[in-house]
Amino acid sequence: MDPFSKSPDDDDLRPEAEAARRPQPQPQPREWRFAQVFGERAAGEDVQEVDIISAIEFDKSGDHLATGDRGGRVVLFERTDSRDSASRSELERQDYPIARHPEFRYKTEFQSHEPEFDYLKSLEIEEKINKIKWCQTANNALFLLSTNDKTIKYWKVQERKVKRISVMNLNTSQSSGNGTTSSSSSSSSRAILPNGGCSEKLYNFPNNDLLFPPGGCTSLRLPVVVTGQDLNLVPRCRRVYSHAHDYHINSISNNSDGETYISADDLRINLWNLEISNQSFNIVDVKPANMEDLTEVITCAEFHPTHCNTLAYSSSKGSIRLIDLRQSALCDNHAKLFEEHEAPGSRSFFTEIIASVSDIKFARDGRHILSRDYMTLKLWDINMDSGPVATFQVHEYLRPKLCDLYENDSIFDKFECCLSGDGLRVATGSYSNLFRVFGCTPGSAEATTLEASRNPMRRQVANPTRPARTLTSLTRAVRRGGENPGVDANGNSYDLSTKLLHLAWHPTENSIACAAANSLYMYYA
């Protein structure tokens, strides 16, 4: 044998190969802490229906947060803390970095949608905001899309300096002709106009009868408009995209090209250009020729985070389809189909109902898709369509109660899901204002239950010592958390009327914003 020839086993002796064989250390479970709350409800206070939050979304930088409510309003928050507030010398003296949570403050709000009535179909159109999506910023202005059941709007929010009129022909502070003294108010009164515009009245006169001084005005002066130093946030509706959906819009998603976006209803997905509001292209149509043959509907759709030609949409049958826009103008055929096959003999009346996917999210790297159905979270690898790589039980204690949940329609609740920016954890909501955080790295046993309150760990569930697994050669799926029987996962009574449907994960930090009725809670780890 040639002494200089390389043995096949030489690679096994290398340090890199040895390190690859060692089990990788698991990330430690995070300790979640309360950060902030906006709109906290007092004990016994009734919540108005229009104030209930219906959508939450961080922008890509994580410096802005938007919420929408059932009253058609959009509220914007901005980050106030400095990410790098500590100096380099201070950081060098520390043994470990101090966890700082992002702090937000109220920025502005505007009326996005108003209630409407479709006279052709005799249907009321709610003003409720279904989804909010941030668009690319430009010229220090914020851009976002908001939608209700039928209409999508494109908003621009920008700071502008307040302009005031400084020279007037009439001085309302002087005595009027009838001997009475009229007072002027320097405070401006603002009225919200349709599409979020604002009218600002700089002078409030006590009555509509302005009396000229005796002898009249000796001269007339042109009013002078002066731009002050005060800044005022002005929301403006740039585009309105309407009359493109016969059914309720359930999702919108921006494309990575920054120019287009999709909107999806129960049967169709349309492709829009942000600058063209009177034309859209139908790219997915699942409506059969005979509606009696309809077997599934579209529940959610989302663009790939980096590939502008790829998008995924989910269905009420629990499947996720990946489509490539380059294949054809109308994407009747999918590139990949992700679905979990039923175990033999496990089908029941509720099987298809609880399998319906209520939300999907792409991981930041675009490699994985997270989906939420009624009972579970599933993590899918887009390169492996044989089954999910991990399944997380959210509230398994409700499975014996499916009949009761069907009777009160709770089984049709649509919970959202989210992933951390590093892809190591996933989160979703449940009942009793609880939400769950799972570690999704292989072998992780992290399964934390938190409550949307000032004390999130009050109803903490003891984590199992090791995850319950079902390992197969085809799916390599992992099932974790929530296997304990009882009233709920911790033996506490659950409340189906308080449910945490909407939440969002900060794109770069371990921070979660979630909605409990009209309150916005924020937590960090």
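Cβ coordinates come from backbone N, Cα and C, glycine included.
Per Swiss-Prot, the feature region 'Disordered' maps to 1-31, 169-191. The feature compositional bias 'Low complexity' is assigned by Swiss-Prot to 171-189. What Swiss-Prot lists as repeat 'WD 3' is 244-282. The repeat 'WD 4' annotation in Swiss-Prot covers 293-333. What Swiss-Prot records for 352-390 is repeat 'WD 5'.
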Under 8 Å between C-beta atoms and at least six residues away from its ends: which parts of the chain pack against the repeat 'WD 4' (293-333)? 250-251, 253-257, 260-262, 264-269, 271, 281-287, 339-340, 352, 355-366, 369, 371, 373, 380, 382, 414
Would you mind listing the long-range same-chain contacts of the repeat 'WD 3' (244-282), meaning Cβ under 8 Å and 6+ residues beyond its ends? 130-131, 133-136, 145, 147-150, 152, 154, 297-308, 311, 313, 325, 329-330
With helix taken as DSSP H, G or I, strand as E or B and everything else coil, how many residues of the repeat 'WD 3' (244-282) land in each class? 0 helix, 22 strand, 17 coil
How do the residues of the repeat 'WD 5' (352-390) split into helix, strand and coil according to DSSP? 4 helix, 17 strand, 18 coil
In DSSP terms, the repeat 'WD 4' (293-333) comprises 1 helix, 17 strand, 23 coil
Confidence over the repeat 'WD 5' (352-390), expressed as mean pLDDT on the 0 to 100 scale, is 96
